[in-house]
Each structure stands twice: as structure tokens, then as C-alpha cells.
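The block underneath contains the structure these notes are about, expressed in C-alpha cells.
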Amino acid sequence: VGMSEVIAVGSYMRFWWPELPTWIPGIVVIAILLTANLISVKWFGEFEFWFAAIKVVTIILMIIAGFGIILFGFGNHGDPVGFANLWSHGGFFANGLSGFFFALSIVFGSYIGIELIGVTAGETKDPQKNIKRAINGVIWRILIFYVGSIFIIVTVYPWDEV
């Protein structure tokens, strides 16, 4: 997963600087990650906190912007997109269940690491209370960040034009 993200950074940079070779931003990202892993644990924790916060805030802002497009037509000349894309263009599973099962195998990768909640129970202060709260928090995070963002994407943009 990590190397695909490094390659993606290079591809994104080519959007703004088409003449820039893809490997240069990749090397810069690898150097930044290497530096972050070589510094003290305290600083690594700070990096992790701020990068996670940036990711969470970005997803929340994208969900809010998506609702703005759906309900009020922001960025669409004032024409609300509405919810028609959910059932238009053949609706869900227009080409059968095979696409769903192919996507499902990729989605499982997003949930890697959730089992570590059980492993940390031995290291947690007051595990009866804190582990239960952590598991319930994961459920809400999945609903908001994964299901919510997918709902916005399939509502705003027709699946057959992606």
C-alpha cells in the first residue's frame, strides 16, 4: 500500500507540473517518511496525530461539500444534483453482482488493523470500559468516513461516467 501511495504522489504532482518526472516527488516522500521514522517516538506521534487530523478534516469537508452539491447545487451552476444518480443509469448492480464482489476484495484491505483492538486490551487501563468505547467508535468511524464518503460519491457522480 505504501509504495502505491508514493507513486500516486508523483502522479498528482504531474497534474500541476507535467514536465516533472514521477520519481522525484516519490523520492521526496520516501525521504520525509524515512526522517519521520528515524526521529524520536514523541515526534513520530506528533506527525501521526497531525497527518491523521488532516485526513479526518479533509474527509469531513468533502462530505459537507458533497451535501452542498447534492442539495444546493454548489459548483454546479446552482442546480442541485439531487439523489437521482443513486437509481439512474441502471441503478445498483446494473452489470450484476460480479463488480460488487471484485470491489469487496479490495475493500477488505481498508479494514486491516481493526483486530488490534483486542491485542491492546492487555495494555489498556480499564479495558472493560475503554475497549468497548473504542469498538463502538470504530463502528461510527466506518459509517461516517467510509459509508458516508461512498454515499456522497455515488450520489454526486453517475457510476457509468467514472
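Just so you know, glycine gets a Cβ as well, placed from its N, Cα and C.
Positions annotated as domain 'Amino acid permease/ SLC12A' by TrEMBL: 2-161. TrEMBL lists 20-39, 51-72, 92-117, 138-159 with the feature transmembrane segment.
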Residue numbers, six or more beyond the limits of the transmembrane segment (51-72), whose CB comes under 8 Å of its CB atoms: 78, 80-83, 144-145, 148-149, 152-153, 155-156
Long-range environment of the transmembrane segment (92-117) - Cβ separation under 8 angstroms, sequence gap at least 6: 1, 86, 131, 134-135, 138, 142, 146, 159-160
Stretch-averaged pLDDT - the domain 'Amino acid permease/ SLC12A' (2-161): 86
